[in-house]
Amino acid sequence: MTKYKFILSGGGTGGHIYPAIAIANELKLQFPDAEFLFVGAKDKMEMQKVPQAGYEIKGLWIAGLQRKLTLQNMMFPLKLASSLLESKRIIKKFKPNVVIGTGGFASGPLLQAAGSAGIPTVVQEQNSFPGITNKLLSKKANAICVAYENLERFFPKEKIVLTGNPVRQDLIDIDTKRDEAIAFYGLDPNKKTLLVLGGSLGARRINQLIEKELQNFLSQDVQIIWQCGKLYFEDYKKYNQQNVKVVDFIERMDFVYAAADVIISRAGASSVSELCIVGKPVIFIPSPNVAEDHQTKNAQAIVEAKGAILLKESELDNEFSIVFEALLKDDGKQKQLSANIKKLARPDATKVIVEQIKKLL
């Protein structure tokens, strides 16, 4: 049997890293003898998270472009040239059969170098609105795996495969883990649990909202798992108490999802895909600070299917407490949201993506 080699690149945030790890895990299941190498950006979270998942990773000296003129921006051409050279070296030495990119700074130079070397590449686009890197990479990519319809205006139509986004397999059937999850966090099994997710780095506006509403939550007998993000943990750890679990990063996502009765979340593509699998009532608060407001578009797709509630940051002060209290009191609404969001789940997305990769071997 041929011993295949795969290079994967995805990083910057959990939304790019975990899809890459999920794809690697599925490839490993199907090709136990395969060799894997990840390529990330130096000093980004993938340099920790990928080795924790059991894979080797090499770092490139690369960063994104800022929106204003900075020293970092002036360094960008040098970093890009350096990363392209290093990517070529990595590819020449490792000799991969296929290179897979799930987004993040390092995937650009890596897939560009692979395409130039004639190695098949697969782009996995999580969002309803692609970033500039994936638009450029799509020209040479062999397949583009997407999670949303109507992306023909960004990518060559003949290369697009609608697969859904890869999700962690431990999120399937989380209902069986509720008792274990409640015990793990030292929660009261008789109280409603609110899970607050601001993304792996954190969300300032969501943190401000939770701080403001904290006493309101506690007065309604709600306990909270509050993932404030590593950027904000020092500011909010003082609120940690029996009924408020403040954490910077969540390692066991299956446990927090299992414990949750209601979830407040950003609407990054990977989070949305996970929440569809999990099937809990969700209030989406999209980040307005993203390209083409794609988080709002991600959330609207769920709201149109009557599977979630959407509140813009500008609406939080006037509407959040009313909307949250109404949802908390309405079991019928909670069940309706859960049932509808679950209909949008694609639990086999990772397997479908791997089938596309296998076609290139």
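Along the chain as shown, the residues are counted starting at 1.
Heads up, the Cβ atoms here are built off N, Cα and C, so glycines get one too.
Taken from Swiss-Prot, the feature UDP-N-acetyl-alpha-D-glucosamine binding site covers Thr13, Gly14, Gly15, Asn127, Arg168, Ser200, Ile250, Gln295, and the record attributes it to sequence analysis.
Projection of Swiss-Prot feature records onto the structure.
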residue : record                                        : CB count, 10 Å
Thr13   : UDP-N-acetyl-alpha-D-glucosamine binding site : 18
Gly14   : UDP-N-acetyl-alpha-D-glucosamine binding site : 22
Gly15   : UDP-N-acetyl-alpha-D-glucosamine binding site : 25
Asn127  : UDP-N-acetyl-alpha-D-glucosamine binding site : 26
Arg168  : UDP-N-acetyl-alpha-D-glucosamine binding site : 18
Ser200  : UDP-N-acetyl-alpha-D-glucosamine binding site : 24
Ile250  : UDP-N-acetyl-alpha-D-glucosamine binding site : 16
Gln295  : UDP-N-acetyl-alpha-D-glucosamine binding site : 26
> For the UDP-N-acetyl-alpha-D-glucosamine site made of Thr13, Gly14, Gly15, Asn127, Arg168, Ser200, Ile250, Gln295, how many Å separate the two farthest Cα atoms?
Replying inline: 22
>> Helix, strand or coil for Arg168 (UDP-N-acetyl-alpha-D-glucosamine binding site)? Use DSSP.
In response: coil
> Where does Ile250 (UDP-N-acetyl-alpha-D-glucosamine binding site) sit in DSSP terms: helix, strand, or coil?
Replying inline: coil
